[in-house]
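Asker: What follows is a structure written as structure tokens; I'll ask about it next.
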Amino acid sequence: MSADLRRRIVAAEAELQSLREQLALAEEAEAADRSMQPDSSWKWPLAASDYDRYARQLILPSVGVQGQLALKKASVVLIGAGGLGCPAALYLAGAGVGHLTVVDGDTVETSNLHRQIGHTTARTGAYKVDSLVEACRERNPEVKYTAVREHVTVDNIGPLLANATLALDCTDHAAVRYLISDACVLAGVPLVSAAALRTDGQLSVLNWPVGRGPCYRCVFPRPPPAASQMSCAEGGVLGPVVGVMGVLQALEAIRVLTQPPPEPLQPTLLLFSASGGPSFRTVRLRGRRSDCFACSDDSVLKKGDGLDGGWPDYVQFCGGSTAVTQHVLAPEERVSVEMYKKLQEEDTPRKHWLLDVREKEFYNMGSIAGAVNVPFSQTRAGSSPEGLPSWLPSGLAEDTAPIYLVCRVGNDSQVVARQLKTLGLDREGTRFVGDVEGGLLAWKQRVDETMPFV
Ligand SMILES: [Zn+2]
């Protein structure tokens, strides 16, 4: 209810702001009409206010008046108004790009605020693009802003990039990264791509110079294994880590817009780590792959009909979404949270096992009474050729009591249940091994609303 109201207030404010801008433009035009003579006394390339606002970057040799004019002419499309997009957009707005388009279909949640510095507690529930554009406008009202309240898809990305000078990939999903890169190759737009997860980040400038620099597929021809593709929602991230990467994206964007591409071409991948050792490392990239799916001369993508003929299935290419494991177990191998709650009450003294397969940090935040923590990452480690894996809780294999698995939303629990059966722990079907359907999320929604859930 309150989230909806907040969203509506921000939308109304955005509308009001847009009307004010239209009014200002209309008044300006009327004033110009009245005087019938443009201000011919002004003989300098930038507007008077620009010399003031951008003074400290104008005096840099790497920017200067020419650089400022290039920024002013630029149309930048920034995809993802989250942890990377917020600092990147704020700095690009501050630097005075001419037109900034921000694309994101999500709304602001409280759990975003520790890292997504363009949003505020008061704007929780609003569209991220509206919230971020408002923050940018407060910084620099001279920039033209477009807020697109959609996620990028194969259908909208072509038109979004049609008049772009530069694109920034500030998203957090593997499939979307390939889509954005492919679209930039097709549209002839350079791309500043960054990623951050947990305590690490990476950054590269792709398709730059346009038509010569490597694309995302040249650098990462194969997607990461599906199991390792965690978005920040599940994977966790430190605010300053993603902030560093977003700020660096803005820096690279300003360099691309104001300076000629380096010659000879030296594409690099910058790696950042906050987990010890050197913070920054630079890896030289090989350049374009002659057999690249997207950017090589005989690329499948280029030969397709662009939007209709040539787009691959990105989700499938990246190993499917998290929904892929939805049907690992049969219905009779699963119990609802209500059924498990009843069983928990009736099974006294307790005879069954409940294994919580979330990572330790999640488990420590709160779990169902009596659950034993077996982190999913440990169950992925290869088991020794003979005997049972060491991560099994002691006594589990020897026992005959039923085993219930629970996880965050009910995917990993199925995988581990299947694994325990493969290991023979179901004693040829005489011992129940199954999961609690819907995981801790369902438990919170339907049994115990006080359960902390992230
Ligand atoms: Zn390529």
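Including glycine, each Cβ sits where the backbone N, Cα and C put it.
Reproduced below are the annotations present in TrEMBL:
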COILED    2-29  coiled coil
BINDING   G83, D104, S111, N112, L113, H114, R115, K128, D172, H173  ATP binding site
BINDING   C215, C218, C292, C295  Zn(2+) binding site
ACT_SITE  C232  active site, glycyl thioester intermediate
DOMAIN    348-452  domain 'Rhodanese'
ACT_SITE  C407  active site, cysteine persulfide intermediate
Asker: Other than its own, how many Cβ atoms are within 10 Å of the Cβ belonging to L113 (ATP binding site)?
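Answerer: By my count, 15.
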Asker: Distance between C292 (Zn(2+) binding site) and G83 (ATP binding site) at the Cα atoms, whole Å?
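Answerer: Distance (Cα to Cα, whole Å): 30 Å.
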Asker: With DSSP helix as H/G/I and strand as E/B, how many residues of the domain 'Rhodanese' (348-452) fall in helix, strand and coil?
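Answerer: Helix (H, G, I), strand (E, B), coil: 30 helix, 14 strand, 61 coil.
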Asker: Averaged over the coiled coil (2-29), what pLDDT does the prediction give?
Answerer: 82
Asker: Closest of the recorded positions to S111 (ATP binding site), Cα to Cα, picking from C215, C218, C407?
Answerer: C407
Asker: Considering only the binding-site residues G83, R115, D172, C215, C218, which residue has the minimal Cα-Cα separation from the residue listed as 'active site, cysteine persulfide intermediate'?
Answerer: D172
Asker: Excluding C215, C218, C292, C295, which residues of the same chain place their Cβ within 8 Å of the centroid of the Cβ atoms of the recorded Zn(2+) site?
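Answerer: These residues sit around the Zn(2+) site: S181, V185, N207, P214, Y216, R217, R288, R289, F293, A294, S296, S299.
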Asker: Could you tally the C-beta atoms, other than its own, that fall within 10 angstroms of the C-beta of C218 (Zn(2+) binding site)?
Answerer: 25
Asker: For L113 (ATP binding site) and C215 (Zn(2+) binding site), what Cα-Cα distance in Å is obtained after rounding to a whole number?
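Answerer: For L113 (ATP binding site) versus C215 (Zn(2+) binding site), the Cα atoms are 32 Å apart.
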